[in-house]
């Protein structure tokens, strides 16, 4: 998969591709990337890419021309173009799985008040929000999306990890608690079942704890889980 990022500040993005698991994925040929500096496509002598909004209001808006030139520079018939914005559809693990099946993802990083709507109308396949909050940097949102997608690609991480983690394809629950050495930390001991070696009991304990955590922290996901399994198995639907 190729990630292409259009940004006014590509230096924010670059280190992510040069470290840790992402670097290994690139070395294996699983992932490639291109960083496009939108300023390089500005016709303004000062390389400005923003202007005042029509209709008035606070802040500046990214101009259509440099972004359109940058997008046309990215030659690929198989690209999926994404603009990250608080006004977009809410991002989810399900959408991350869907995007992981694409061949190339092009991400437009927003700044200031946003971008000219005509870019969204003409070029964007998905306008996505990573949550109900506002960031000053679209680059941070881009890193969230990239990280959530590339880790789902074959050969990046252990596929069994994807089954058990939060929002996993197995059941959609939040992940169960984890413990490691020491056995006793400040008077809190590791649950005995995890030391028993009894795999069926451990599996059942983890499911129970995952359900409890999901019910407590994300009741919406818990109700969705109950709909999927078609029963509550003793877990009532009341708060």
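Cβ coordinates are placed from backbone N, Cα and C, and glycine is handled just like the others.
Not measured: the values here are computed from a predicted model.
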#### Entry: Listed in Swiss-Prot for the S-adenosyl-L-methionine site shared with 130, 131, 132, 133, 134, 135, one of 110, 155
110
### Query
Hey, of the binding-site residues listed (134, 135), which one tops the CB count within 10 A?
135
### Message
For the binding-site residues listed here (110, 132), tell me which residue's CB has the most neighbouring CB atoms inside 10 Å.
### Response
110
### Task
Specify all same-chain residues, apart from the site residues 110, 130, 131, 132, 133, 134, 135, whose Cβ lies within 8 angstroms of the center of the Cβ atoms of the S-adenosyl-L-methionine site, ordered by sequence.
86, 129, 141
### Message
According to DSSP, collapsed to three classes, what secondary structure does residue 110 (S-adenosyl-L-methionine binding site) have?
### Response
coil
